[in-house]
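Copied over from Swiss-Prot, here are the features:
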- Asp80: active site (ACT_SITE)
- Glu173: active site, proton acceptor (ACT_SITE)
- His78, Asp140, Asp196: Zn(2+) 1 binding site (BINDING)
- Asp140, Glu174, His379: Zn(2+) 2 binding site (BINDING)
Amino acid sequence: MNNLLDRFLNYVSFDTQSKPGVRQVPSTEGQFRLARALQSELLALGLEQVTLSEHGCVMATLPANVAWPVPTIGFIAHMDTAPDASGKNVNPQIVENYRGGDIALGIGDEILSPVMFPVLHQLLGQTLITTDGKTLLGADDKSGIAEIMTAMVRLKQGNTPHGEIRVAFTPDEEVGKGAQHFDVAAFGAEWAYTVDGGGVGELECENFNAASVNIKIIGNNVHPGSAKGVMVNALGLANRIHALLPAAEVPEQTDGYEGFYHLVSMKGSVEKAEMHYIVRDFSREGFEARKKHMMAIAKQVGQGLHPDCYIEVTLDDSYYNMRDEVAKHPHIVALARQAMCDLAIEPIERPIRGGTDGAQLSFHGLPCPNLFTGGYNFHGKHEFITLEGMEKAVSVIMRIAELTAGRARVAG
């Protein structure tokens, strides 16, 4: 298992799907199994200070190979896969020298089509790794783990000058808890990069402000034949709440810097209903306004209800936009930008329409922009990645390490 592809295929064989609503971290045992495997691999590769925390966070050090002082930098990826689709029994397909057109995913009716995913037109001649149409792939973010691990091996075995490098592999990023038990002081890096982005060239230093909104609705059920003035239909109230939200401000109709309200689930009966939303916005003002709007709608719909019937709203902030924190350290993004340009990769700087561990870590003293992995269509059965994109991610990691050492020598 010495090359990039072998590593990636090994990592996706672990079922590490995280589970929302679980207090313990990691939320699933499968993540611990991968963490222990990564710990063993790091030790076998000869990295130092290899640790595995009680919460499943793996850390290790690649010592410097230069004599002059160099800032310690870090690279971080997460082990879990999204709850949105199964990560069990992942069966990757390797499509060499992609010639265009539809790709059959397994033996069913699922296909990966350039009609639905036009980015495929840009990937002719490349090696694609896809799903078999039954699960997600796990490129988010096991490709990041494979890329970091491969970069460390090549740096250790090669002649590229570099300072001390810390690596970390975290649990439960997909359920917003990846950085909750991350020991920034123990990690000991001056800055870091998550390797958790998408297509080649992506360089991200701003992300959504995010919150989850849970709405509990208690109604009153009686026989529908004698319900007038007595029945309170909890599902009807839920429908009214959703109808009062802006219909166009949903994920499927927004992009760029536009925020949204997303109804993730709704279940219930006449007697009781529950709704779960996520709320996203790039500006803090817009974020707070969205949360207030949801509270106001719930209050409006709940007016005049019988005292035994009510609407209860619970708001929980998940993470905030790291833009202002990263902006305090412009050299970090400049370094990544330069690394890409040196490798003839055009940096694509755009906001993350999501979050990363780096978003939370940036607020805990570890500024942490996000680098591409080379993957696409995360969180579903159409997820895929290119081997060429993964190799470019490895090269960027190595070039950042080299540039950091070079600039430190000049400054010294």
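A Cβ is built for glycine as well, from the same backbone N, Cα and C atoms used for every other residue.
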Env. residues of Zn(2+) 1 site, Cβ within 8 Å of mean position of His78, Asp140, Asp196 Cβ: Ala77, Asp141, Gly144, Glu173, Glu174, Thr194, Val195, Thr356, Asp357, Thr373, Phe378
List of residues, in chain order, with Cβ under 8 A from that of His379 (Zn(2+) 2 binding site) and at least 6 apart: Ala82, Asp84, Ala85, Leu136, Asp140
Mapped DSSP class for Glu174 (Zn(2+) 2 binding site), helix or strand or coil: helix
Reduced DSSP assignment, His379 (Zn(2+) 2 binding site): coil
Residue pair the residue listed as 'active site', Glu174 (Zn(2+) 2 binding site) - Cα distance, angstrom, rounded: 7
Coarse DSSP state, helix versus strand versus coil, of His78 (Zn(2+) 1 binding site): strand
Separation of alpha carbons, His78 (Zn(2+) 1 binding site) and Glu173 (active site, proton acceptor) (Å): 6
Secondary structure at Asp140 (Zn(2+) 1 binding site), reduced by DSSP to three states: helix
Residues satisfying Cβ distance under 8 Å from His78 (Zn(2+) 1 binding site), sequence separation of at least 6: Asp141, Gly144, Phe169, Thr170, Pro171, Asp172, Glu173, Glu174, Gly178, Thr194, Asp196, Asp357
Other same-chain residues whose Cβ falls within 8 Å of the Cβ centroid of Asp140, Glu174, His379, the recorded Zn(2+) 2 site, in sequence order: Thr81, Ala82, Asp84, Leu136, Asp141, Phe378
